[in-house]
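Database features, via TrEMBL:
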- 1-24: region 'Disordered' (REGION)
- 14-24: compositional bias 'Polar residues' (COMPBIAS)
- Val45, Glu50: substrate binding site (BINDING)
- Arg120, Leu121, Gly122, Lys123, Gly124, Lys125, Gly126, Phe127, Tyr128: ATP binding site (BINDING)
Amino acid sequence: METSSGKQGLRRQIQAQRPQSSQGLTSNLVRLALELNAQTIASYVSDPKEPDTSDFNSWVESLGKRLLLPRVSGEDLEFAQGPLTPGSFGLLEPTSEAALLGEADLILLPALAVDKAGVRLGKGKGFYDRALRAIAGIPLYAVVFDSEIYDQLPSEPHDRKVTGAITPTAIHHFKASAFG
């Protein structure tokens, strides 16, 4: 499958067909965090078209766990704790001092799709691939709707594979390891 143009067409198709219900997602996110005994969790503030992470993020904070959220800084993505204010791309972003992503016990990533080998299709800006370049040994899970898990997606050498995917109905663990 052709990579760059194939990815762009696939992005448009997936965004047009995204379901609206995230029911069940929070319980699967909580289950994974508990299974991993994650004390520091890097998540994200979902936009209205993405699977909803807001209840999960609230759960993390209610237990006194450390919640790291992304913010755009130039061409880079850095992670910090709240409070949140409107930032780049109209999303809420934390305003406190940046933290080290390598301190996370679990990293959740937004995605338009993921395949069974762990290839994640993002929105095409490369922010997460760059942020994860130096990260090793931390579980990386894409958060997607059930219909967004594919047998195979186009990939490029810079694409960072994920450990698994979380959907409203399941937690998927992939054979390909992102623990490199």
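Each residue, glycine too, has its Cβ placed from N, Cα and C.
Heads up, TrEMBL stuff is auto-annotated, nobody curated it.
Bear in mind that the values here come from a model prediction, so they are computed numbers and not experimental data.
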So which other residues, same chain and not among Arg120, Leu121, Gly122, Lys123, Gly124, Lys125, Gly126, Phe127, Tyr128, have a Cβ within 8 Å of the centroid of the Cβ atoms at the ATP site?
-> Ala111, Asp129
Val45 (substrate binding site) versus Arg120 (ATP binding site) - Cα distance in angstrom = 18
Length of the line joining the Cα atoms of Val45 (substrate binding site) and Tyr128 (ATP binding site), in Å = 14
